[in-house]
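S.K.: Dropping the structure in here first, questions after.
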Amino acid sequence: MDLPKPKILTILLLNVNFLFIILISAFLQEEGCCKMTRIKKYIISFLLLTSAIWLIYFQTLNFNLQSWDNEIYIWHNSFIKAFTWSNLQHIFTKFFVGNYAPVQMLSYMVDYAVWETNPLGFHLTNIVLHWMGSLLLYLLLWKLTQKWSVATIASLIFAVHPIQVETVAWLAQRKSLLAAVFFFLSFYVYCMSRDREGLFWTLASLGLFVLSLLSKISAITMPLLLLLYEYSYKKVRARTVYRLIPFFIVSAIFTFVAIKSQELPSGYEPWGGSLYHNILTVLVTLRIYILKFLFPFHLSAYYDFSYENISDPGVIGSIFLLLIVLLWIIRLYKKNPALGYWILWPFILLVPNLQIVPLPIVMADRYLHLPIIGLSVFIGDLLARLFEKRKEKQISILVIAVLIFSSYTATSFERAKVWKDDLSLWKDTVIKTPNYFTFYTYGTVLKLEGRFQEAEMWLRKSLVLNPSFYLTYKSLGSIYDQQKEYDRAVAFLRKSVDLLESGEGDDVWELLGNVYQKQGKLREAVGAYERSLQINAYSESVQSKLVNLYVQMGELPKAGRLCEALIRVNPNIYQAHYNLGMYYHQIVKDDDLSLKHFDRAIQINPKLLNAYFQEAVIYESRKNIDKAVENYENFLTLNKIQDADGVRAANNLAFLYAEHKPARLDEALQLAEKINILVPHNGSLLDTLGWVHYRRGNYRMANEMLEKGLSCSPNNLDILLHLSKTLIKLGQMDAAKKTLKETWSRPEATVEQRMEAEILLKKLD
């Protein structure tokens with residue numbers, strides 16, 4: 001998948017400009033005497049949008065899964081790892097990281113079912129969604145403006161604008177892409193419903209609007225856009241107003257949901273600490289957004305600023321610019337309501353992200369994902385009008401259009417590279433937005449790369465700027481943990497937990513528990529893990545560690561009760577089912593319950609190797625050979641004999657084939673020979689290989705393998721019994737009697753082994 005590096009930007013721009021020339025020629029045909037058919041216009045726009053999007057974002061298929069939010073949404077999100085009723089119920093009834101976006105979670109479920117954590121599949125979905133959104137926007141704009149050229153240019157700007165890179169390249173922003181797709185569909189269907197009788201199309205539009213909100217709540221302003229559309233393009237009628245009432249009701253409901261979601265621990269105070277400071281900061285934010293659209297440079301994954309005084313030059317400049325823009329919009333709207341409507345789009349769509357409901361960040365590129373549409377339409381309309389009215393300057397206008405489009409495409413292509421991995425992203429961000437959070441994040445990324453000295457430097461810089469940020473202490477504690485400086489690690493982690501607010505920091509308590517365990521302070525480790533689970537009852541890693549600690553400390557009932565409690569909270573935690581299966585198998589000795597939980601663990605996670613292995617062992621002990629074979633085979637299909645468990649499973653399976661499946665003796669021989677090559681001079685493995693040869697009737701080879709096995713493991717009585725049977729087949733009765741008597745006389749021999757030896761001796765006598 002790696003793209004060729006040399007001259008790639010030149011090739012890219014040549015392709016983009018070539019495609020844009022196609023657009024220009026089509027544009028000329030539209031303005032000239034030979035009109036194109038509608039289908040040709042569709043094809044040209046489709047090719048332009050498809051080519052441009054894939055040229056920019058094809059490279060993201062090589063990108064990694066980043067830890068920033070993607071870790072929470074994908075890596076450690078147990079609710080996307082299985083399509084179960086309880087998982088679906090959870091994502092539709094609970095907030096997640098201070099958001100309510102169940103459709104986003106559903107899309108991750110689908111991706112995980114197909115790709116697991118392979119980033120290629122997740123990035124592919126993001127590209128496809130952006131492509132779909134761009135095509136739907138093109139269709140919507142053509143319907144609304146009735147101008148193919150305006151729709152094509154505006155949708156192209158939307159597709160390739162550098163401000164969109166964050167939304168497409170960052171997997172955690174899947175919600176913005178999904179919301180846009182349903183937003184455009186809802187708007188388009190609403191326009192269709194206006195000319196059709198009955199409620200079907202209106203209800204369809206309303207349903208799509210709900211799906212948009214279930215993807216990302218920031219789409220709540222769409223009813224206002226619909227009402228303004230009616231006022232700007234049509235004559236508003238009472239019937240129209242009544243038809244929009246359900247949209248406003250739905251919007252109000254989701255506004256309440258958005259406010260409630262921010263009441264969780266992820267809620268924030270007004271930006272800047274007060275409403276006054278918040279208003280000043282929002283004014284500056286609006287100015288920056290306008291400039292970022294026109295001049296998309298110095299883009300960053302994180303922005304940080306606040307203004308406390310109205311006399312600040314940044315605030316004064318923002319007020320001045322916004323007043324000019326406001327007066328211009330009023331004048332434009334009076335003169336041309338249809339065009340003025342599009343200038344109002346960005347301001348209406350930005351409302352949910354203007355700190356009315358407190359947000360954790362002041363501004364972000366992704367917040368412009370939908371708002372840039374309005375300005376894109378204005379630019380498309382402006383270029384079309386200039387081209388039509390200024391015949392003598394048409395070439396100059398086309399050159400300007402090509403330069404704008406090419407520069408946007410090239411900038412997006414380069415900007416996308418920044419999102420390749422955590423290191424490149426935060427190296428870029430720490431330069432553009434140097435503050436305590438970016439210093440902390442960059443230091444944490446360096447820590448993950450094993451560059452501890454550099455990481456510590458950046459983290460201590462973060463502490464200088466903000467000594468109350470608990471995550472910085474956590475990362476420093478993690479560094480000292482990895483350097484085996486456990487006392488220093490505990491000191492920083494204790495400082496981190498002292499700064500925690502209610503409902504946060506489960507990962508800090510987990511890390512503290514890990515360090516305590518390494519120090520041998522098991523009671524303290526248990527306490528830390530229990531505190532972690534109080535905050536996040538769904539953490540599979542903490543559950544497993546705590547259960548293991550309980551077992552290690554001999555507190556077996558606690559281990560069982562913990563697993564049962566976790567399953568009551570979330571019945572789809574496969575690790576809890578596996579741990580409970582082990583508890584019932586090893587401690588309670590109730591294999592029926594053990595198998596029940598192993599089965600459930602496998603149902604949730606069909607690739608849970610250990611569950612297959614444990615089921616096979618239980619079924620083998622119960623003489624249920626078919627089920628034992630089935631589970632060993634499932635295990636080996638996934639394991640491929642890559643470790644000690646794989647060797648053990650292959651050895652057991654080869655023996656079962658030899659003992660109970662005569663039609664599969666060839667497979668038994670292949671398995672036994674393979675594991676003896678992987679692990680030579682192992683008595684148990686040589687015993688199985690010898691017994692396979694015995695069952696195949698090759699007694700001399702069986703004797704040779706069993707003799708070798710006995711020399712490696714002289715106390716293995718199974719080898720002695722198998723050797724006795726082989727010697728009998730070879731007619732060496734005295735030697736057989738000798739080995740049988742030795743087996744019978746061994747104090748470690750089991751009752752079954754003594755009985756078998758005694759029966760064979762009687763036959764020989």
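Each residue, glycine too, has its Cβ placed from N, Cα and C.
According to TrEMBL, the protein has these features:
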- 6-27: transmembrane segment (TRANSMEM)
- 39-58: transmembrane segment (TRANSMEM)
- 120-141: transmembrane segment (TRANSMEM)
- 148-165: transmembrane segment (TRANSMEM)
- 177-193: transmembrane segment (TRANSMEM)
- 200-229: transmembrane segment (TRANSMEM)
- 241-259: transmembrane segment (TRANSMEM)
- 271-290: transmembrane segment (TRANSMEM)
- 310-330: transmembrane segment (TRANSMEM)
- 342-361: transmembrane segment (TRANSMEM)
- 367-383: transmembrane segment (TRANSMEM)
- 395-413: transmembrane segment (TRANSMEM)
- 470-503: repeat 'TPR' (REPEAT)
- 506-539: repeat 'TPR' (REPEAT)
- 609-642: repeat 'TPR' (REPEAT)
- 683-716: repeat 'TPR' (REPEAT)
S.K.: By a Cβ-Cβ criterion of under 8 Å, what residues six or more beyond either terminus of the transmembrane segment (148-165) are in contact with it?
M.R.: 23, 27, 30, 41, 44-45, 48-49, 52-53, 56, 130-131, 134-135, 137-139, 141-142, 292-293, 296, 299, 365, 368-369, 372-373, 376-377, 379-381, 383-384, 401, 405, 408-409, 411-412, 415-416, 418-419
S.K.: Per the 3+ Cβ pairs under 8 Å rule, pairs at least 6 apart in sequence, do the transmembrane segment (39-58) and the transmembrane segment (395-413) touch?
M.R.: yes
S.K.: Should anything in the same chain at least six residues away from the transmembrane segment (241-259) have a Cβ under 8 Å from its Cβ atoms, list it; otherwise answer none.
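M.R.: The answer is 100, 193, 202, 206, 209-210, 213, 217, 220-223, 226-227, 230, 352, 357.
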S.K.: Please check if the transmembrane segment (271-290) comes into contact with the transmembrane segment (342-361), where contact means 3 or more CB pairs closer than 8 Å and the residues in each pair are separated by 6 or more positions.
M.R.: yes
S.K.: Cβ under 8 Å to the repeat 'TPR' (683-716), counting only same-chain residues 6 or more beyond its ends: which ones?
M.R.: 647, 651, 654-655, 657-659, 662, 665, 668-669, 672-673, 675-676, 722-723, 725-727, 729-730, 746, 748
S.K.: So which residues does the repeat 'TPR' (609-642) touch in its own chain, when a touch means Cβ under 8 Å and the partner is 6 or more beyond its ends?
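M.R.: 574, 578, 581-582, 585, 591, 594-595, 598-599, 601-602, 648-650, 652-653, 656-657, 660-661, 674-675, 678.
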S.K.: Please check if the transmembrane segment (177-193) comes into contact with the transmembrane segment (367-383), where contact means 3 or more CB pairs closer than 8 Å and the residues in each pair are separated by 6 or more positions.
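M.R.: Yes, the stretches contact each other.
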S.K.: Counting by DSSP secondary structure, give me helix, strand and coil numbers for the repeat 'TPR' (683-716).
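M.R.: For the repeat 'TPR' (683-716), the helix, strand and coil counts are 27 helix, 0 strand, 7 coil.
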S.K.: Against which stretches of its own chain does the transmembrane segment (367-383) lie, if we need a Cβ under 8 Å and a gap of at least six residues from its ends?
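M.R.: Result: 137, 141, 145, 147, 149-155, 157-158, 161, 163-164, 167, 176-177, 179-180, 183, 218-219, 289, 292-293, 339, 342-347, 349-350, 353, 397, 401.
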